[in-house]
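Visitor: Take a look at the following structure, please.
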Amino acid sequence: MSTIVIFLAALLACSLLAGWLIKVRSRRRQLPWTNAFADAQTRKLTPEERSAVENYLESLTQVLQVPGPTGASAAPISLALNAESNNVMMLTHAITRYGISTDDPNKWRYYLDSVEVHLPPFWEQYINDENTVELIHTDSLPLVISLNGHTLQEYMQETRGYALQPVPSTQASIRGEESEQIELLNIRKETHEEYALSRPRGLREALLIVASFLMFFFCLITPDVFVPWLAGGALLLLGAGLWGLFAPPAKSSLREIHCLRGTPRRWGLFGENDQEQINNISLGIIDLVYPAHWQPYIAQDLGQQTDIDIYLDRHLVRQGRYLSLHDEVKNFPLQHWLRSTIIAAGSLLVLFMLLFWIPLDMPLKFTLSWMKGAQTIEATSVKQLADAGVRVGDTLRISGTGMCNIRTSGTWSAKTNSPFLPFDCSQIIWNDARSLPLPESELVNKATALTEAVNRQLHPKPEDESRVSASLRSAIQKSGMVLLDDFGDIVLKTADLCSAKDDCVRLKNALVNLGNSKDWDALVKRANAGKLDGVNVLLRPVSAESLDNLVATSTAPFITHETARAAQSLNSPAPGGFLIVSDEGSDFVDQPWPSASLYDYPPQEQWNAFQKLAQMLMHTPFNAEGIVTKIFTDANGTQHIGLHPIPDRSGLWRYLSTTLLLLTMLGSAIYNGVQAWRRYQRHRTRMMKIQAYYESCLNPQLITPSESLIE
C-alpha cells in the first residue's frame, strides 16, 4: 500500500512540475527575447515612469511621421505598451551599435547580445563599455527607459520636442561616425553545423552513458526490491546521454548571426607578426576576430566590399565566397574521438565485470533456447524420455523409479556434503535394467564372527551356553577375573580373518602370549589340531578390555575397506539409460535423512548402515524437474542430462537481461572502439584537408594540355 501511495505522490509531483514548465515555456514563447535576460532583476513600473514613457512614445510617433530628405517617410515603428510593460528589467550589459542605409533620422540599431532594443537617440552619448540598463516590454522592441542613471522622466521634464538626431560623443565606447558605413543585410540563427563548433565535445554525455551501463550491471546483483529504482535511474541516465549526443539543438540555444556588407581593412602597423595582423582587421567600427586557420586566405578580401557573417562577440562565421565555418563542418565533419573512447572503455569495464562476477553459462543457454523455441517434455518411463528427443534449453519433467548414483573420488558434484553418502541423490540413474542385488562381503562376515565370538566370551549372558559349570563361572566373576571358555575358537576365527602375515599383528601377538605358544603359526597349528579345545584362559579385567579393543581395532580396517569396495561395485550401472544430474545439487528423492552420515558410525556399524541405505536408495521413487543445460553420452552409452531448477519470473528476466547486457556491452565496445580509432585518424588530418580545400578554391590549378583527360 505504501508503495502505491509513494508512486501516486511522485506521479502527482511530476505532473505539477511538467505543467509549471509548460506554462513558463509558453510564456517565454510569447516573449522570445526574455531568455536572453534570464539573469536580469525585475521591478514594477511607477506611474511617473509610465507617464514619461507614454509622452516619449507620443513624441517619437510625431517625429517619425516627418518625411526624410528623399521625401519618403520613415517606416512606422510600433512601440505601443502592453500588459507586460509594467515589469521593468534591470541588467548590466554592453551595447552594440550598427549603422544602416536609410532615411530614418535615427540610422543606428542597438543590440544587447542578440536582442535589438530601442534606445532613445539622445542617450547615445552616455554609452559605456558596461551599461546599467532598464527595459520594458512593448509590442515590438524592448524600450530602454534608463541608461547609466539617465531616465526618460528626467529628460521629459527638461526637454520637449527633442529632434531625434544622433549626437556624436567622444565618450562612447565605439568608433564615431567617421567610420565607414556598414550595411546590415540580415539577422539569422546559426546553422547546426556552425553550432557544432561551439557545442561541447560530449564527454559529459559519454560519462552519463557509462554510468548507466554500470547501473544496469548492478541491477543483476542487487535484491529485487532495488532493481526497479536502479533500472529507472539507468534508463534516465542513458536517455540523457543519448539526448545530449544526438538531439538537435533547441532554437533558443542557437545564437544570432548578423549578415553584414562592408569593406574590411587592416589597421595594424608594419612589421607586426601574423597573429597580430589577423587580430587588427576591422569592418567599420567592428574589430573582427578570425579563426586562426583562415589567416593565409583573408588578404584578398581586404579593401573590397565583402559579405561577412559574424556573431555578436565579433567572431567571424563566413567571409566572402569560400571562407565558411558551415562548409568546413559540412564537408569535413568534426571527429569527437574522445567520447567514443570513453564509451568503449566503460563498455569493456562492464564486460569484464560480467565475465568475472556473473555466471554466464545458464543465461546464455536459456536465452539461446528461448530464441530457438524450447519445448516442455514430460516422461514417466525411460522409453518416453528416449523418444522425446531432448535438447538443451527444453523444460523437462520426469518421474519414475531409479537409483541414486554413487559418488566416487575425482568426480564433480554440485552437492559437496550429501546426507546419503556414499550415495548422491542429486544424480539419478534411470534405466530399464534389473536392479543390482544388495552388496555382500565374506570378509565382513568373518570380522563379524570374530567380534561376536570375543564379545560372547568376554561379556557372557546368562542364557548363553558355556563349557564350564554355572557355579565355576559365578565364582570367577566374583573374583573379578574374566574367563575365555573357548580360546581355540578365537584363534581360528582370527586366523581365518587375518590370513596375511601383516594383518592383525598386535592381536596375533596378544593371542600368542595368552596361549603360551612360540609364535603365531605354532598357535594356529595347535588350534587346528584341536589341542586348544577345552582350554580356558583367565584374564584380568584390564587384559580383557585390551583384548576387546584389539579385536575392534583389528576388524575395523576390513569393514571400512569392504564398505568402500561394495559402494564402488554399485557404481557400474547397466549400459544405456539416463543419468539425471542437478546443476545445483538438489535431491530428486523424497526419503528421510539418516540420523548420521555413514562415515560417522563406528566401523563395526558402517556395514549395516550401508546396507540399509543401499536397500532404500538402489530402487527409489524420484521426481526431477528443470531446464536442460547439458546433454552428452558417455562410453557406457548412458545419456547424461543436466537440469537447472526452473527460475521464477524474476530469474527469467535476470537471465534475459544478463545476456542482453553482455551482447550490448560487447557490441558497444567493438563499435565505439573502431569509431574512436577512425575518428582519431580523421581528426589528425582534418585541418590539413580544410586548408587543401581552401587552396583549391582560392588558388585553383589550371590543367595543362598534357594533363588533360580528354585526348
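The backbone N, Cα and C atoms fix where each Cβ goes, glycine too.
Pasting the feature list from Swiss-Prot:
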type	residues	note
TOPO_DOM	23-204	topological domain 'Cytoplasmic'
TOPO_DOM	247-339	topological domain 'Cytoplasmic'
TOPO_DOM	361-655	topological domain 'Periplasmic'
TOPO_DOM	677-711	topological domain 'Cytoplasmic'
TRANSMEM	2-22	transmembrane segment
TRANSMEM	205-225	transmembrane segment
TRANSMEM	226-246	transmembrane segment
TRANSMEM	340-360	transmembrane segment
TRANSMEM	656-676	transmembrane segment
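Help me understand the surroundings of these features in the structure.
Guide: Model confidence over the topological domain 'Periplasmic' (361-655) stands at 78, taken as the mean pLDDT rounded to a whole number.
Taking Cβ pairs closer than 8 Å, the transmembrane segment (205-225) reaches residues 231, 233-235, 237-238, 240-242, 244-245, 338-340, 342-343, 345-347, 349-350, 353-354, 357-358, 650, 654, 657-658, 661, 665, 668 in its own chain, all 6 or more past its ends.
Residues 202, 204-209, 211-213, 215-216, 218-219, 339 of the same chain, all 6+ positions outside the transmembrane segment (226-246), place their C-beta atoms under 8 angstroms from a C-beta of that stretch.
Remote same-chain partners of the transmembrane segment (340-360), defined as residues 6 or more beyond its termini with a Cβ less than 8 Å from a stretch Cβ, comprise 203, 206-207, 209-210, 213-214, 216-217, 220-221, 658, 661-662, 665-666, 668-669, 672-673, 675-676, 679.
Residues 213, 216-217, 219-220, 337-338, 340-341, 343-344, 347-348, 350-351, 354, 358, 360, 363-364, 366-367, 370 of the same chain lie 6+ residues outside the transmembrane segment (656-676) yet bring a C-beta within less than 8 angstroms of a C-beta in it.
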Visitor: For a three-state summary based on DSSP, what are the helix, strand and coil counts in the topological domain 'Cytoplasmic' (247-339)?
Guide: 27 helix, 29 strand, 37 coil
